[in-house]
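Chemist: Feature list, courtesy of TrEMBL:
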COMPBIAS  82-97  compositional bias 'Polar residues'
COMPBIAS  102-117  compositional bias 'Basic and acidic residues'
COMPBIAS  118-129  compositional bias 'Low complexity'
COMPBIAS  130-143  compositional bias 'Basic and acidic residues'
COMPBIAS  144-160  compositional bias 'Polar residues'
COMPBIAS  169-178  compositional bias 'Basic and acidic residues'
COMPBIAS  187-199  compositional bias 'Basic and acidic residues'
DOMAIN    18-144  domain 'Striatin N-terminal'
REGION    82-230  region 'Disordered'
REPEAT    244-278  repeat 'WD'
REPEAT    296-335  repeat 'WD'
REPEAT    347-391  repeat 'WD'
REPEAT    494-535  repeat 'WD'
Amino acid sequence: MASDIFQQSSPNGITNYTFPGVLHYLQMEWRKFEKEKTEWEIERADLKTRLSFLEGERRGIENLKVDLMRRVKMLEYALRQESNTGSTENKPLTSNNNEDEIVSREIEKLENNDTKSDSISSNSNLLSRLNKESSKTQVKNKDSNTINPSPTPMSGNNLLLYSKGLFKASDDNEKEDVPPVENIESTENKDKKEVDKANVKVTSDTETNLEENHNTNNNNNNKVDNKNNDIKEDGERKIVLLLKVNHLDTVRSLSFHHTDKLLLSSSDDGTAKLWNLEFLGNTKKNLIDVDPIYTYRGHIGPVLSVDISESVCYTGGLDSTVRSWRIPSKNIELYSKYDPTIKQHTFEGHTDAVWCVKSHPLREQYHLLASASSDGTIKLWDTKNYGLKSTLDYNGLLSDRSKEIESNPTYLDWLNNDLSKIIVSYQNSMVKLFDIETGNEFMKLPSAETYDNTPSTQINQVISHPTMPLIITAHEDRYIRFFDVKSGECINSMTAHLDGVTSLSVHPSGLTFASGGHDSSIRIWDIASKNCIQEMSSHRKKFDEGVWCVKYHPTLSNILSSGGGDSTCKIYSIDQPF
């Protein structure tokens with residue numbers, strides 16, 4: 001009967017499909033598809049639930065491991081103090097069995113006080129290993145005490161430690177390898193000071209202290225669980241990842257709005273995206289999937305550089321054009337209709353890729369935009385009348401002289417101490433200062449100390465210090481150099497990264513600056529001492545490209561952003577809340 005619905009046989013043996021039969025077949029297939037889809041959704045939900053359960057179980061195991069590590073280290077320290085005290089008072093050494101009983105009794109008490117979840121079944125095996133290895137360690141300690149009756153107290157860095165779950169006794173010459181868990185060191189130092197002060201023995205007082213430390217550590221672990229996983233500490237400094245946004249290709253350039261919480265990013269995917277950071281202060285969670293409030297499209301090819309002004313932003317691309325765009329309202333609808341007024345003007349005049357665009361800091365007085373291109377020229381544009389004001393080549397104001405261009409510019413910046421001057425870096429590792437009024441070369445800095453006539457030693461970026469007469473350059477051969485504008489001399493040169501240094505940004509306070517390199521690291525430096533005070537690796541390498549750009553917010557001093565070859569742009573909070 002079912003076969004008659006789908007098809008009918010003609011007298012000639014040819015199968016004829018009927019419309020009701022085809023429709024019935026499609027309905028059956030659709031129901032089958034819906035059933036499979038529902039089963040897949042149920043299975044997917046079950047797997048997500050199981051994944052969440054396993055992740056929670058893993059975190060519980062890690063927290064328990066850290067807690068046991070603290071407690072056993074304190075116990076080992078107390079036993080060593082007891083042994084040292086006994087040797088000083090010329091007391092006879094106890095037998096191996098007595099020491100084993102002490103260790104076993106203390107660990108048994110720790111087992112009885114442990115109220116962790118039954119699901120973490122591996123902890124009993126861990127405690128049994130602790131029992132056995134602690135006995136072996138105490139035997140070794142007894143032998144060493146026999147040789148040297150008055151040993152010095154064990155230092156804080158030579159306590160018992162774990163490495164991948166194995167119990168290990170460290171020698172005096174060995175360094176401690178503590179797992180990277182937050183707040184461990186501060187808690188341990190506090191506990192050790194309390195032990196030294198009280199000259200604790202393995203008595204009921206020690207048990208009380210261990211129990212108090214256990215409660216304190218549990219509270220600390222709860223705080224750690226509630227924190228963001230993307231937290232990196234170095235002393236008292238702390239960097240928290242607030243936001244990670246994505247392009248479809250390498251992120252080349254970043255620019256913050258001077259006053260608002262707006263970030264403009266450019267990428268090799270041919271777009272520039274405007275991100276609203278206003279909401280970051282109202283949430284405690286990382287927002288990974290965030291949409292830009294506007295995406296600027298118009299360049300043919302990668303967008304290599306961006307700069308943002310009060311109400312206008314500028315982009316330079318591989319298509320040799322510089323474009324100006326209006327900044328839309330932050331409350332614009334996400335998928336609104338195309339607004340033709342967003343695109344303002346296209347500056348045409350370069351004949352090769354535009355690697356840098358910079359608007360004049362005094363935008364109300366100087367309606368100027370500077371652009372550096374691979375065609376060997378620096379062009380100054382009138383942003384009010386949309387015209388070309390002047391063109392500078394390697395030797396200054398471009399004249400009728402027919403001379404080959406010696407080198408192409410790689411980056412430019414305005415000299416903050418004298419805004420009538422512009423700083424330009426070149427592929428031949430030279431840095432020149434030009435007067436924008438006359439177009440003449442004002443100064444040449446001796447920055448080509450390690451230049452070997454190859455691109456591997458060129459200057460990637462040059463920046464001006466916001467308050468001091470100081471110029472900083474980032475080199476492809478891993479160097480960062482500092483120049484005094486008044487004397488024109490190099491005052492410091494240092495190897496800063498393991499690979500080429502690509503980007504620099506000075507903190508608004510002027511006391512520190514950040515650098516990024518193709519070793520995928522971001523480093524924060526103290527300008528006075530030239531020491532690295534913070535380092536983090538947050539971007540992944542792609543085609544040997546690490547971090548392409550780092551940028552501090554010009555007014556919100558605790559905000560730092562970075563972009564890299566992994567197509568991501570990240571925003572960090574440093575020390576202070578957003």
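The backbone N, Cα and C atoms fix where each Cβ goes, glycine too.
What you are looking at is a predicted structure, and each value in this text was computed from that prediction instead of being measured.
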Chemist: Is the repeat 'WD' (244-278) packed against any residues at least 6 beyond its ends, judged by a Cβ distance under 8 Å, and which are they?
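Modeler: Answer is 286, 288, 290, 292-297, 299-310, 313, 315, 317, 325, 327-328, 330, 542, 545, 548-556, 559, 561-565, 567-571, 578.
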Chemist: Give the residue counts of the repeat 'WD' (296-335) per reduced DSSP state, in the order helix, strand, coil.
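Modeler: The counts are 0 helix, 20 strand, 20 coil.
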Chemist: Average the pLDDT scores across the repeat 'WD' (347-391) and report the rounded value.
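Modeler: Mean pLDDT, the repeat 'WD' (347-391): 89.
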